[in-house]
C-alpha cells in the first residue's frame, strides 16, 4: 500500500511504526512519530544543557567579581582623595596659614648682615674692628633696603595668591568627590590625580615662602677703598622679622590729664628697646579748634603720657623706632582713650578756695601791715625818747 511504502515496511523482528489514526484536524495518510512514556532524553542533550547552565553561572560570577573589583577600586581612590583633603588641606590648617599671613603683613622686616663687624685699617694704618653699618656705602645700603622691600611685597603677594588657589582648589575637589558618580570618577581618575599633585605642590611652595629669604646683591656693600686693598669678605644678606607691638586693652587707661599705655611684645627684646608713640587729639567736624599730634620716643613699657586735656578723646599709635636696617613696615596698632572730666564739686571747691584765699590774704595782709607799722612806729618813738634821756 502507498501508506506502508511511505512509512517503510516492517522488517522481520521489528515492530511496525505506530500510526495515529486520522482525526478531524489531521490529514489522512500522514505518519507522525510519537515518543512513548518509556523513552528518555539522550545523554548528549543533557550534557549540553548542563554545560550551558554552567557557562551562564560562570559568566554571572565573573560579572559580579568585576563589579566588586570596580567598586573596591572606586572606594580606594575616593578614600585617597578624601584623606588628602582631610590631612593636607583641611579648613583648620588653611585658616592657620591665613592667620600667619595676616601676621606677616603686620610684622617689621629687617636687613640681616653677616658678619656684622669687619677688620679694616684706620688712617694711621692700624687694624680696627668696625661695624659694617659705619663703613658701608650709604647709596648701596639704600639700594639693598629698597630691594628687600620689593622682595617682601612680592613674597606677601605670592602667599596671598597661593592661599586663594588652595582654598578654591579644595572646594572644587571636595565638591567633585561628593557629587561625581562612580563611572565618571574612575574614567577621569588621571585628571583627579593631576589636581591632587598640583595642590600638593602649591602647598609646598606656601610653606617655603612663609620664611624670609636671602637677598642676592650684585654690588658690594663696602667699597674697596675702605678695605685698604684687602680681599673683599663674603657678606651674607637676608631678611628677618619682628612681631608688631599690640596694645594691652586691659592695662591701658586714661585719667583726667594723663594716660597709661602698655603694649604686648612677644619677641622678648632687651628693656632698652625704643618705641615711638604718636599722640593725636581727636576732633569732630563741629569743633572749630584745630587738633594736634605729637610723636614721643619712649623706652619703658608701660609708660605714662602727661599734659592731656580732661574730657577729650586721644588716639595713640605705637610702633618700633626706625633703624638703619628697617626694610618694611606698613601696620601700626592704635587705641582710642577718653580722659575723665573734672567733677563739678572739685571745680567749685577750687574756685572757692582761690576766692577765700585771696580775700583772707588781702585782709590778713592789710591788718598785719597796719599792726606792724604802728608797733614799729611806737617802738621807734620809745627808742628816740630813751636816747634823748640818756644823753641828758
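Keep in mind that glycine also has a Cβ here, set from the backbone N, Cα and C atoms.
Annotated features, as they stand in TrEMBL:
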type: REGION; residues: 1-45; note: region 'Disordered'
type: COMPBIAS; residues: 24-41; note: compositional bias 'Basic and acidic residues'
type: DOMAIN; residues: 69-237; note: domain 'DUF5581'
type: DOMAIN; residues: 242-346; note: domain 'DUF5581'
type: REGION; residues: 342-392; note: region 'Disordered'
type: COMPBIAS; residues: 347-378; note: compositional bias 'Low complexity'
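With DSSP states grouped into helix (H, G, I), strand (E, B) and coil, the domain 'DUF5581' (242-346) comes out at 3 helix, 43 strand, 59 coil. The average pLDDT computed over the domain 'DUF5581' (242-346) stands at 87.
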